[in-house]
Amino acid sequence: MAKSLLFGEQARRSMEAGVDKLADTVRVTLGPKGRNVVLDKKFGSPLITNDGVTIAREIELEDPYENMGAQLVKEVATKTNDVAGDGTTTATLLAQAIIREGLKNVTAGANPIQIRTGIRKAVEKAVEEIKVISKPVNGKEDIARVAAISAASEEVGKLIADAMERVGNDGVITVEESKSMGTDLEVVEGMQFDRGYVSAYMVTDTEKMEAVLDDVYILITDKKISNIQEILPILEQIVQQGKKLLIISEDIEGEALSTLVLNKLRGTFTCVGVKAPGFGDRRKEMLQDIAILTGGEVISEELGRDLKDVTIDMLGTADSVKVTKENTTIVNGKGDKVAIKERVSQIRVQIEDTTSEFDKEKLQERLAKLAGGVAVIRVGAATETELKEEKLRIEDALAATKAAVEEGIVPGGGTAYIDIIPKIADLTSDIIDVKLGIDIIRKALEEPVRQIANNAGVEGSVIIEKVKASEAGVGYDALNDKYVDMLKTGIVDPTKVTRSALQNAASIASTFLTTEAAVADIPEKENTPPMAPGMGMDGMY
């Protein structure tokens with residue numbers, strides 16, 4: 001395919017036009033008085049949102065060079081979202097400011113490579129200073145503040161703080177759509193996995209169609225059980241003790257299943273069978289997790305253990321087990337606390353080492369089941385459009401909260417960026433163009449406060465000067481139109497979000513400035529096929 005080429009200033013300006021189109025669409029959403037953007041959907045109702053990355057992902061421009069610029073800034077938003085989960089609008093805004101100031105200097109004859117060196121130097125110093133002013137998150141109140149600022153709702157803040165308090169920092173919190181109008185929280189205590197009973201005849205409560213077993217033994221195996229003789233020795237020992245049994249296996253079928261059901265119906269003893277969770281190697285690991293949590297052993301031929309040789313001390317135990325058609329929940333497993341801690345540490349190491357997002361998510365789920373629990377925030381609203389918007393807000397708030405717990409918090413509303421400007425201004429260089437790069441970052445750091453003020457209907461430059469003249473930590477509360485101590489008032493941003501937004505924006509923007517040529521495909525013209533003979537108008541009468 002033939003290519004179209006642009007060089008130098010023309011290439012950079014065409015790409016900058018695309019950057020501006022995307023950034024100007026996103027920037028209107030920043031701050032407590034930021035607006036929403038409506039996104040057209042081919043199927044279903046339009047999506048109304050103020051989430052920067054969701055908006056950026058929808059934007060594709062017709063002009064190929066403008067689209068290149070837009071896609072580069074889209075990467076800033078996406079990367080920030082992947083790393084920190086929030087701050088995508090801020091990152092987009094910073095990238096636009098760095099590109100705008102940088103191109104002015106490049107046009108005036110400055111060397112883009114030296115400018116990039118200056119930008120990197122300034123960003124390193126800025127990140128250092130952001131970490132210096134960062135404060136750790138202390139307790140439920142701080143968590144609620146971070147979530148409330150991100151979601152622009154105190155109610156959501158309290159909900160997320162409750163969820164994190166109940167499942168711990170290692171717990172998994174998911175956001176789902178609710179069928180009711182309100183937004184509520186549901187917490188699953190203990191270990192839950194998505195496998196139900198193998199036969200409905202095993203239920204103990206026929207009204208609710210669930211089996212609840214108290215003070216229960218748990219047999220864990222990766223084998224398929226079809227012959228009752230294999231598990232008869234251990235069943236006899238359990239019957240003698242008058243206890244109940246949960247069997248977790250690959251499957252229970254044939255003679256084994258019918259015998260267990262028959263004994264349950266006769267009232268001889270209560271046994272519930274469920275299939276093992278997961279597949280392949282993940283199944284082996286999950287069975288091992290259950291074994292450690294309950295203090296049992298996995299009966300597997302790989303480990304040289306046979307079902308016929310199982311003794312009572314090889315079984316796991318728990319205070320209670322609840323089995324429904326779809327889920328099994330083990331509450332208060334009696335496993336050794338030290339062994340559980342070691343297993344948790346092992347999974348944490350695997351999470352750090354893995355590069356796959358899918359594997360990371362699955363490991364995080366396993367960690368939560370062992371260390372914390374699982375909380376579900378169910379989001380409800382009057383219409384589907386409102387529901388989607390609310391769900392996105394809560395997901396952002398959740399990500400911001402986790403980022404805050406990880407690295408701490410800084411004064412919000414762009415105040416942290418203003419507070420570190422004097423430290424950036426102190427940086428020097430003998431090379432003029434490097435100094436220009438430092439100045440570009442110094443100016444760009446003002447941009448979030450300016451935009452928050454503009455969205456609130458006040459003059460951004462005036463607000464910036466007042467914040468600069470105030471003590472460190474004092475910023476502009478756009479919601480109430482006054483200057484306050486941001487940390488004390490609870491207007492805070494996660495350190496990780498503030499840091500990531502600047503690093504990602506500077507990374508893409510500084511590379512953008514070094515562009516000297518742009519290459520794009522020339523769209524092919526569609527050839528209209530010739531008309532078939534006899535299809536013309538001649539000869540009609």
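Backbone N, Cα and C define each Cβ position, glycine as well.
Record note: Swiss-Prot gives Thr29, Leu30, Gly31, Pro32, Asp86, Gly87, Thr88, Thr89, Thr90, Asp477, Ala478, Leu479, Asp493 as ATP-binding, and the candidate from Gly139, Gly157, Gly413 in that site is Gly413. In sequence order, Pro32, Lys33, Ala456 are the residues of the chain that are 6 or more apart from Leu479 (ATP binding site) and have a CB within less than 8 Å of its CB. Around the Cβ of Asp86 (ATP binding site), the number of neighbouring Cβ atoms within 10 Å comes to 32.
Of the listed binding-site residues, namely Thr29, Thr88, the sparsest CB environment within 10 A is found at Thr29.
Other C-beta atoms found within 10 angstroms of the C-beta of Asp477 (ATP binding site) number 20, with every protein chain shown included. Sparsest Cβ environment among the binding-site residues Gly31, Thr90 (other Cβ atoms counted within 10 Å): Gly31. Between the two most distant C-alpha atoms of the annotated ATP binders (Thr29, Leu30, Gly31, Pro32, Asp86, Gly87, Thr88, Thr89, Thr90, Gly413, Asp477, Ala478, Leu479, Asp493) there are 20 Å.
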